[in-house]
Amino acid sequence: MNTQILVFALVAVIHTNADKICLGHHVSSNGTKVNTLTERGVEVVNATETVERTNIPKICSKGKRTVDLAKCGLLGTITGPPQCDQFLEFSADLIIERRDGNDVCYPGKFVNGEALRQILRKSGGINKETMGFTYSGIRTNGTTSACRRSGSSFYAEMKWLLSDTDNAAFPQMTKSYKNTRREPALIVWGIHHSGSTTEQTKLYGSGNKLVTVGSSKYHQSFVPSPGTRPQVNGQSGRIDFHWLILDSNDTVTFSFNGAFIAPDRASFLKGKSMGIQSDVQVDANCEGECYHSGGTITSSLPFQNINSRAVGKCPRYVKQESLLLATGMKNVPELPKKRRKRGLFGAIAGFIENGWEGLVDGWYCFRHQNAQGEGTAADYKSTQSAIDQITGKLNRLIEKTNQQFELIDNEFTEVEKQIGNVINWTRDSITEVWSYNAELLVAMENQHTIDLADSEMNKLYERVRKQLRENAEEDGTGCFEIFHKCDDDCMASIRNNTYDHSKYREEAIQNRIQIDPVKLSGGYKDVILWFSFGASCFLLLAIAMGLVFICVKYGNMRCTICI
């Protein structure tokens, strides 16, 4: 007997096309990437540059009292060489030193000149008053061909004191000046180092020369050093200029017996200004608050990569050429329509990391499908909430950096006056520290922005979930399948947070009962397939055994057991 058994399997697929509402955000692939505390190169929807790299190649002086010193060096405004005659007294908001400006005419130098230069740069100008010194028995009109006006002359604010006649003895003298003003006085004097001992004797008589200067806070003695030196401006002698700040009601006393360049007037600094060294053109038609040797930086950004020596109200210098500040959420392209496998938190992680192309009205938005079709709309409330928190982020960053950098600048100002060129190393160290700090601050703000965007999306998602309750089911992709008919007005009520779940509750329950028994989530499909396969095998085995049993019973089959 030949028996053939045919087994057919019937698979029924029940498809539901439920109304659905989804949550997402606007994306626009633009390649804008920022760094956060935990990740580098995170693509975001929007970002703002925080490092300025361009400037105006002019000194913008509109609205400022500008003093362009031209051939005059800034220190020369105190002593008065011929090239500085028009700048002996002035008022300024902006002082411009040129590279070919000169502080002296008779060769020499200012001791601690850079510290004095810093003081003058920050002053708003200079006025002067006579010190009232009178002399007898000596000449006070020493001149030199190195300081020429109509002929040989000397520093306008100094007196070159000489013996009454050549080679005559120079008498011992003492002169004092008391500062009777409320503000400190700047006092400058000089020590003349002759080109030879013979020249010194001719000018001041024979014997050793000594100059002593003292006040309540200052005391110093100076011995001139005659000797042969290379000629500068036709002179082999040198004048060293020294200075001190004389407090109000304090007195300075000079004691000398030759080789002394005496001050004629005391200088008083007034107000505040900015001083820069630059050779670029001055433009009175543009405005600026930040200057450097190459021009004017006009920027509202917190950092700049143009010049570390910029002065004024400036962005702080950093080494980085770019530090992007995120002003929008993380930019993740729209996921394919084919659903991806997700973990336990897929419903949350899914929509946060999924953006929709093409929406320009807002960041956070809804998509829906129903019998009337599909639609997309922005959620302005969530969008505005995020914008309100992100707006002003750049200004807050400026406040943070300005406050910190200003403290550092103030801390090192006094050091600069005391140790001069060591400040160059200090500034380099400050740049290193604050370049790192700037990168860290921007990364922290970027992390906060991205976390904020996720937080606002979570709030929006929870708002929708609490409205729908049992009338809908999350599908793990940031969408809700709604168990009742939801027209455009219904969808609008969900978006506007005016949805009444009780109105649709009965319909939703009925539809849920019909859908749930046949709705298989992806996690159970494999289990049911294996169960079906096992049951089919068992059924085939049972049928085969039944046929064998019937055949044996009716004699159609004999079973012989051999031992």
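Any Cβ shown, glycine's included, is placed from N, Cα and C.
Look at Swiss-Prot and you will find 1-18 tagged as signal peptide, backed by sequence analysis.
Residues annotated as topological domain 'Extracellular' in Swiss-Prot, with sequence analysis given as evidence: 19-529.
The feature N-linked glycosylation site is assigned by Swiss-Prot to Asn30 (among others). For Asn30 (N-linked glycosylation site), the number of other Cβ atoms no farther than 10 Å from its own Cβ, over all displayed protein chains, is 13.
Listed in sequence order, the residues of the same chain lying 6 or more apart from Asn46 (N-linked glycosylation site) and placing their CB within less than 8 Å of its CB are Thr32, Ala326, Thr327, Gly328. Annotated N-linked glycosylation site per Swiss-Prot: Asn46 (among others), in sequence order, evidence recorded as sequence analysis.
The Cβ neighbour count for Cys286 (disulfide bond), using a 10 Å radius over every protein chain in view, is 15. The annotation disulfide bond is assigned in Swiss-Prot to Cys60-Cys286 (among others) on the grounds of sequence analysis.
Cβ neighbour count for Cys84 (disulfide bond): 27 (other Cβ atoms within 10 Å of its Cβ, all protein chains included). Sequence annotations record features per position, and here Swiss-Prot assigns disulfide bond to Cys72-Cys84 (among others).
Per Swiss-Prot, the feature disulfide bond maps to Cys105-Cys147 (among others). According to its DSSP assignment, Cys147 (disulfide bond) is in a strand.
For Asn141 (N-linked glycosylation site), the same-chain residues lying six or more positions away in sequence with a CB closer than 8 A to its CB are Trp160. Taken from Swiss-Prot, the feature N-linked glycosylation site covers Asn141 (among others).
In the three-state DSSP scheme, Asn249 (N-linked glycosylation site) is classed as coil. Within its own chain, Asn249 (N-linked glycosylation site) has Lys178, Asn179, Thr180 as residues 6 or more apart in sequence whose C-beta sits under 8 angstroms from its own. Marked as N-linked glycosylation site by Swiss-Prot: Asn249 (among others).
Among the features that Swiss-Prot reports, disulfide bond is placed at Cys290-Cys314 (among others). The Cβ of Cys290 (disulfide bond) has 22 other Cβ atoms within 10 Å, all protein chains considered.
The annotation N-linked glycosylation site is assigned in Swiss-Prot to Asn424 (among others) on the grounds of sequence analysis.
Within the same chain, the residues at least 6 positions away from Cys490 (disulfide bond) whose Cβ sits under 8 Å from its Cβ are Asn370, Tyr499, Tyr504, listed in sequence order. Marked as disulfide bond by Swiss-Prot on the basis of sequence analysis: Cys486-Cys490 (among others).
Sequence annotations record features per position, and here Swiss-Prot assigns N-linked glycosylation site to Asn496 (among others) based on sequence analysis. Around Asn496 (N-linked glycosylation site), no same-chain residue six or more apart in sequence has its CB under 8 Å from its CB. Mapped onto three states, the DSSP output places Asn496 (N-linked glycosylation site) in coil.
Taken from Swiss-Prot, the feature transmembrane segment applies to 530-550, supported by sequence analysis.
Residues or ranges marked as topological domain 'Cytoplasmic' by Swiss-Prot on the basis of sequence analysis: 551-563.
Sequence annotations record features per position, and here Swiss-Prot assigns S-palmitoyl cysteine to Cys559 (among others) based on sequence analysis.
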Have a look at the disulfide-bonded residues Cys72, Cys84, Cys486 and say which one has the shortest Cα distance to Cys314 (disulfide bond). Cys72
Cys84 (disulfide bond) and Asn30 (N-linked glycosylation site), compared by Cα position, are separated in whole Å by 57
Nearest by Cα to Cys290 (disulfide bond), of the disulfide-bonded residues Cys60, Cys72, Cys147, is Cys60
On the 0 to 100 scale, where does the mean pLDDT of the topological domain 'Cytoplasmic' (551-563) fall? 65
